[in-house]
There are 2 protein chains.
Amino acid sequence: MSTKQTIYYTFTDEAPALATASLLPIFGAFAKEADIELKLTDISLASRVIAAFSDLLPADKQVEDGLKFLGDLTAQPEANIVKLPNISASLPQLYATIKELNAEGYGLPEYPENPQTDEEKDIQARYSKVLGSAVNPVLRQGNSDRRAPAAVKGFARKNPHSMGKWSKTSISHVDYMREGDFYSSEQSTTMETAQTVKIEFVAKDGSVEVKKSLPLLAGEIIDSMNISTKKLREFFEATMQEAKEDNIMWSVHLKATMMKVSHPIVFGHAVTVFYKDVFEKYGELFKEIGVNPNNGLGSVYDKIQSLPEAKQEEIKQAIQDVYKTRPELAMVDSDKGITNLHVPSDVIVDASMPAMIRNSGKMWGRDGKAHDAKAVIPDSTYARIYQETINFCKTNGAFNPVTMGTVPNVGLMAQKAEEYGSHDKTYEMKADGVMRVVDANGNILMQHNVEKGDIWRACQTKDAAIKDWVKLGVTRARQSDTPAVFWLEDARPHDNELRKKVETYLKDHDTSGLDIRIMSYNEAIRFSMERIIRGLDTISVTGNILRDYLTDLFPILELGTSAKMLSIVPMLNGGGMYETGAGGSAPKHVQQLMEENYLRWDSLGEFLAVAVSFEELGIKHNNEKAKILAKCLDKATGKLLDTNKSPSRKVGEIDNRGSHFYLALYWSQELAAQTEDADLAAKFAPLAKQLADNEDKIVAELAAVQGKPSGLSGYYHMDLNEVAKIMRPSATFNSALATL
Amino acid sequence: MSTKQTIYYTFTDEAPALATASLLPIFGAFAKEADIELKLTDISLASRVIAAFSDLLPADKQVEDGLKFLGDLTAQPEANIVKLPNISASLPQLYATIKELNAEGYGLPEYPENPQTDEEKDIQARYSKVLGSAVNPVLRQGNSDRRAPAAVKGFARKNPHSMGKWSKTSISHVDYMREGDFYSSEQSTTMETAQTVKIEFVAKDGSVEVKKSLPLLAGEIIDSMNISTKKLREFFEATMQEAKEDNIMWSVHLKATMMKVSHPIVFGHAVTVFYKDVFEKYGELFKEIGVNPNNGLGSVYDKIQSLPEAKQEEIKQAIQDVYKTRPELAMVDSDKGITNLHVPSDVIVDASMPAMIRNSGKMWGRDGKAHDAKAVIPDSTYARIYQETINFCKTNGAFNPVTMGTVPNVGLMAQKAEEYGSHDKTYEMKADGVMRVVDANGNILMQHNVEKGDIWRACQTKDAAIKDWVKLGVTRARQSDTPAVFWLEDARPHDNELRKKVETYLKDHDTSGLDIRIMSYNEAIRFSMERIIRGLDTISVTGNILRDYLTDLFPILELGTSAKMLSIVPMLNGGGMYETGAGGSAPKHVQQLMEENYLRWDSLGEFLAVAVSFEELGIKHNNEKAKILAKCLDKATGKLLDTNKSPSRKVGEIDNRGSHFYLALYWSQELAAQTEDADLAAKFAPLAKQLADNEDKIVAELAAVQGKPSGLSGYYHMDLNEVAKIMRPSATFNSALATL
């Protein structure tokens, strides 16, 4: 396949797909002038479903498997993919898709929930590849490069979001375990040769149970660690008593979503310690009726509904009595009485801590007001950076979005690096004994004494991913001429293994003139914060968890949201994927378009991603015109933000299409005005003039269609011609664009 | 003069002098075995007075000028001086000395307060050389090396002093200026050639007043800086309002003693801002009656005594009214109603901040109880280290004397380095204008716009002092195999000048295998604290002010006091002075000895200093016996501390003399027990046995004299034979010692 000078733009689902119908023609028309082609690749849910059965369909119904195509493309150094948000299909969405397609005559089989025959099993297998998070694992073949684009940063500086003041007498703080946690118990080693190691549990009686066989590559780092449930529960109890004494709200901050296995268990302990009176009294009953504390106190309220009313009331009263002996709990929703301990996924550390820091260090109390709080983050590995940040804010006051610098991130993510607490290597111990990792020759690589209830987990990080991550760190430092800090904790065995590699691989690169440092987490965040308040930027080059945490923390402080970050996955093999936003595919926006022909989807993410996509092509192919297109697109985006031409929310105002028009106007004006390439300037000057002259007319044409049903027929399987008609209603704009 | 293998032990005044009569014979007897002589050099006040008039006295009354002798000695590489605390004579002490000497027939002239004739002027000049701090400036010909000796550190670990717990919800904090202070305005330059610069004030009308001509050496660093009184007063007001709102006690921490000129003025502003209602209303009256706010609120109470009773009451009431509108003031003495703003020298930052940190971050309130407090330290240059320490304690809890490491100091002090705020280059501006430093060619080296009331100051640091300081830092790092951190602030122009020299001079030394770093203050203290809580030691290599601050901060946290620190001045020319303690010469102890023949002076400082003095001789002359004496003396001191044989406070218990006996016992036992030098062991074994066998007898003989007047006749001019008789009352001990 020829990927030269080609950008593969994904056609996905719902609002982003609709927006593409309006936006891609603009991108395409402008790109042509730099000899770049934008190819649309359909990875919509409907297309993926059809592709899964293409071999069984008549020729006119067959489609190319767009996802497979892009997946193969990621292996090519030339890959340049702009990835829009897509549907991670649930079963109901799959059913609806099948129904819609069959109404069009596809004749697809129904999804067999309980497949019996081989045929049914084959059908289910084909559908399974389409369900759930099916796209990202195929396309994210690299590490992570996230940053606030200049236009977004500039906009935030000019239009600063609200930021709560910090008092020097704030009593908010982070509390974390000092022993018995993952941080204190971590062990790590680097494999010299490729081999399959075994994770084993040795019981008290000496019997050995192989929990898992794990094939490892040469140079791969493997870690293991354990959290003592006894110490964890003692710690929770101590923090609650301390909070009660100090008259401060109590809260726990975990990541039960990402650390899918370990953190829900930790959350469950928080629940049973806080409500220990209730769980001691009703423990047996709760077991019978299926209460799972890992699902939060909500699980208690849910499950007791099967009990007689009087018993329910008794238990509810017992819960109320607990509040008299415990510190006040931070609330998720004080109106509805939903506390921090209600649902494990309500309070997610990477979002909740930045929110607290942005809100003067306060969380919401039962009275609906903001109060200082003790933020309990049991494992100390990453908890300490939040305490450092809080101390910093107490000392220096709140960050100022107008003047603060930025902290972009280069995150280790490729080849499933550092997936701590993910499900496949995390175990809740069922008995006392020893957990160990044994190599192919029977040597014990690592081992921990464990007790029943402890959580033991292992984690892998591949050498190739690390090598690429170091390269990406250096590249970003060079390209943005910004100091880069590798966040590697002196006291962490895993990080020390990593550090050896980092120090080795740094030598492979020309780092002359660059400021590249290695610092422990607290040092690194402090260094970054000391710089940020002086308006200076610092790249954080971090592992996977800190990638996740920091790309929320700093964006939320700098921009008020992490949704406006540029998210790039430079592929291990040299290509690049440019993600256009962390948001979903926005079904409600489609509904609004259907009902009143108004699309409020904001294509900011697409503008930003495409600019980087152009820039990358420009660098790779020495295509100077592409670089200028990129530069001018960024300027146009900045102007669009400044002039408030982003989509509004209501009929009669500017929507997604109007916003695209202004992008085209500003972009062409920037291209006409630039002096680096006279040819380009000459090409775009007439368009700029035409668009500017017809601004009122075009805006009127775009507004004219609003307020009545759009007539969109397909939902999952959109008719591109129909959509194009709906999304490009301004003849004046269309013909102007066609002059290019 | 031959100084080979000689220790010059100073005979000073009062308690230390009395103790010398008992202790020196022990040191001397032991030293002899290592071919070391201890020579007593009289620098007592009386001796210095006599020496000042020796040329006018009859031959039998003449004395050698001991201080001059030692002063000359400091220029010799062989100098080895043990310096005990001496009297810094006030006028009343001088009068008493003259009286005592004349009673002995010296026929000294009276001190002429208003000299008229040439003769009187000569007399006054002679006496002037004796008054005040006359000894240290002559002897301190080097930088500073202060550390907690192993024995003292070990004792503190085994007998930890009290240490207040830190709450994670403490609201105590440090507040400092963010602009307009010395830190923000500092300018600095290094002289390329030796020349005389001028400090000038340029008035608004362009007229130039030369404030001072300053001869500078080549390579000398000169700084200047200014504090805006307007900003200072605004800052004070803001902190008071904030403290009132946040319901936290207010306190100010300055160093009105060391920064003799600048800090009393700053203190005065704190007073007039806090009591602004009073000073606004009675300002004119206060001027008339001579109130000086720089002397604190005490000055108001003092001066209004000249007013009619009714007026006094009115003013007192006005002061009371202020307390209703202001935050609570931290107290110095709540019983007596003495607040933090009463006297400028009551609260001295280097002692008050460690005391606060040791006391859970609390200061004393009006109710006599400890409360959280806002510690206002206006100039941010060094203030920030205390906030860093407070944040650290909030996060990690109080320091633990049992497990914590130590932070010794190597301080830049030689040739009057970095004497910020000292009187000779500090000016309170009398008008708006420009302060500038102009070189010999008329080039302006530095200049500041100043306003009336601002405090402008300059400061010098000589190249030779810096060179020696770097060497001392490296030497200490090597000798104690401990990481050394140069505390040099990135953002300080002065420190950047210093840094260039440090980086250059470090190359003159073999630093292979040493861990020597340069860090900004916050980084440096954080690094040191992170290590200290892990039991690790870190040498702080600092400028003069931080030398002063840190040798209180860390000792107070580590040892409960800074009095037990070893204080060494390695002379620029290669010799060494060993100071035996920071305490005074203790007149009350002499009184107790006179009345009940009990001397509670603790000679710990002498034990420690002499051990280092021996060690240094050992190193310099390859005298292995001296090194062993030193090592065993340190062990003996450790044992003495462990067995609680330091002087008690009451008659009937062990006093200074008994303590000396035990030192001799333990020291001889250690020497007998060591196996490095059989000869020494053989020599000391009999003495060890004899002392041990006679322990009860000797202790009884020493105790027998207690409880009745000692018969000491001279006070300033002690009769050495008489003192020896009083201080060595145990015939058994004396004869045992004589067997050596």
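Heads up, residue numbers simply count up from 1 along the chain you see.
Just so it is clear, glycine is given a Cβ too, placed from its N, Cα and C backbone atoms.
B:Asp350 is the residue from B:Asp350, B:Asp367, B:Asp372, B:Asp379 that TrEMBL records in the Mg(2+) site together with B:Asp548, B:Asp552. TrEMBL lists B:Lys83, B:Leu84, B:Pro85, B:Asn86, B:Ile87, B:Ser88, B:Asn136, B:Gly584, B:Ser585, B:His589, B:Arg600, B:Trp601, B:Asp602 as binding NADP(+), and of B:Arg531, B:Arg534, B:Arg649, B:Arg657 the one it places in that same site is B:Arg649. Mapped onto three states, the DSSP output places B:Lys83 (NADP(+) binding site) in strand. For B:Ile87 (NADP(+) binding site) paired with B:Tyr420 (site 'Critical for catalysis'), the C-alpha to C-alpha distance reads 25 Å.
If you compare Cα positions, B:Pro137 (substrate binding site) sits closest to B:Lys83 out of the binding-site residues B:Lys83, B:Arg547, B:Asp552, B:Ser585. On the backbone, the CA of B:Pro85 (NADP(+) binding site) and the CA of B:Arg140 (substrate binding site) stand 13 Å apart. If you take the Cα of B:Arg547 (D-threo-isocitrate binding site) and the Cα of B:Lys255 (site 'Critical for catalysis'), they are about 14 angstrom apart, rounded to a whole number.
Nearest to B:Ser133 (substrate binding site) in space, judged by Cα atoms and limited to the binding-site residues B:Lys83, B:Arg146, B:Asp602, is B:Lys83. Neighbour counts of Cβ atoms within 10 Å were taken for the binding-site residues B:Ser133, B:Asn136, B:Ser585; the minimum is at B:Ser133.
Comparing the Cα of B:Ser585 (NADP(+) binding site) with the Cα of every entry in B:Val135, B:Arg146, B:Lys255, B:Asp350, B:Tyr420, these being the recorded positions, the smallest distance points to B:Val135. In the three-state DSSP scheme, B:Asp602 (NADP(+) binding site) falls into the coil class.
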